[in-house]
């Protein structure tokens, strides 16, 4: 439940348990910093470092292509003359053969194994867990935990949030009084994770025993035994499975989990990896009156995803996507970034997640670093030259010259921006010069499902598929923010014209979207 919520905060109290207003206003900036003002050259260098690290592969490919072209143009007489020449030049033959074998071996050994996304599924909660605006506010009032100022604050947040009336909250929050017990939290986790996994295994016909790597991420609920152990027990996964449980890493942990699974698939051959991303609401609902800690109550909703990855070459034929890049940015060395999304207790001893007034500025800095590193990996050479040239000119001649911001629409066909809040989506649309269509999946996911934390980018991808927009060769940019503070990107390429999987999250409502979100 800790990501870039991106909602304006106005507080008039000191935080704790419903005291009198102290006449102070704190306003959280709704805007990301203008990327045109400053771009750090060292992050551009980091992106080019990634390119240079694969230089050998890049050099070998054109050399092999030239050799094949030359061979294809030879006639029988040329081949006969070459054979006679080689018969009398044994040393040359040995040297050429050694170079060929060595080059081939190096290429095979250093080439990263392709990682395929076979399929994925998103959990959709039952109808009785829906939390429309009026019911949410009525329930908040009846709990008796919130004073009038806090209730009014939640009302304003909900009106501006971009959430619709069809989002879901867990069973425990529908009860009066709410029952946020450990057992209820376990039940929520089981419903979400097992619901997504049952659908995934059913759609792919992959037996659970075939899974070699399991990565689960959930930021705020980490029981013992772990969530990954719950899955191993439920599906009787094999005893030598490599299982991981990521906690406390916020809304960007889904991309981190994919990156970890990718690394494991580079080591373990011919196997499957499953990535489960979710967040637990039950035990992390805030029942106090500190304004900056009330925002997550208004934005975060029940959701989760399960993703099946493979390094098997035979799976390329049925896979939806191929993983192209993962770029991770961590700003935790900066104290403000570290504390901008922070789980703590208020003055009354009630636990919640506090969002700093500096959140949007910190998110913008992390995003700027991330896209500056990602640019050299994905942008056309023309955009790279313009970008790099403007940086050099700015550095040498005039520090006030705005650097050229590349057009990422030339690199990506689709954008899955973490649905953390309407303000984040608005500012990314503006700063990256995107169109309404590019951010439609993010806005509609926020409206239909709310902020489902690390799984939101998969609901967005499912929306694009349900609209029939994903064509063979299209590239997708998934970008997410999380506590720490982190900004992480994953780039996928469609291997075919992708159709939505059966029983998808948008199956019964895609015809109603897009809807106009009230400002």
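Residue positions begin at 1 at the first shown residue.
Backbone N, Cα and C define each Cβ position, glycine as well.
In TrEMBL, annotation is done automatically, which means it is predicted and not curated.
TrEMBL annotations:
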| type | residues | note |
| --- | --- | --- |
| REGION | 1-20 | region 'Disordered' |
| COMPBIAS | 1-11 | compositional bias 'Polar residues' |
| DOMAIN | 107-395 | domain 'FAE' |
| ACT_SITE | 251 | active site |
| ACT_SITE | 330 | active site |
| DOMAIN | 413-493 | domain 'Beta-ketoacyl-[acyl-carrier-protein] synthase III C-terminal' |
| ACT_SITE | 414 | active site |
| ACT_SITE | 418 | active site |
| ACT_SITE | 447 | active site |
| ACT_SITE | 451 | active site |
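Within 10 Å (C-alpha to C-alpha) of residue 418 (active site) lie the following active-site residues from 251, 330, 447, 451: 251, 451. In this structure, the active-site residues under consideration are 330, 414, 418, 447, and the one with the smallest number of other Cβ atoms within 10 Å of its Cβ is 330. Across the domain 'Beta-ketoacyl-[acyl-carrier-protein] synthase III C-terminal' (413-493), DSSP classifies residues as 38 helix, 21 strand, 22 coil. In the predicted model, the domain 'FAE' (107-395) has a mean pLDDT of 94. Here the Cα atom of residue 447 (active site) is found 17 Å from that of residue 251 (active site).
When the active-site residues 251, 330, 414 are ranked by how far their Cα is from the Cα of residue 451 (active site), 251 comes first. Across the structure, residue 414 (active site) and residue 330 (active site) place their CA atoms 24 angstrom apart. The Cβ neighbour count for residue 451 (active site), using a 10 Å radius and every protein chain shown, is 31.
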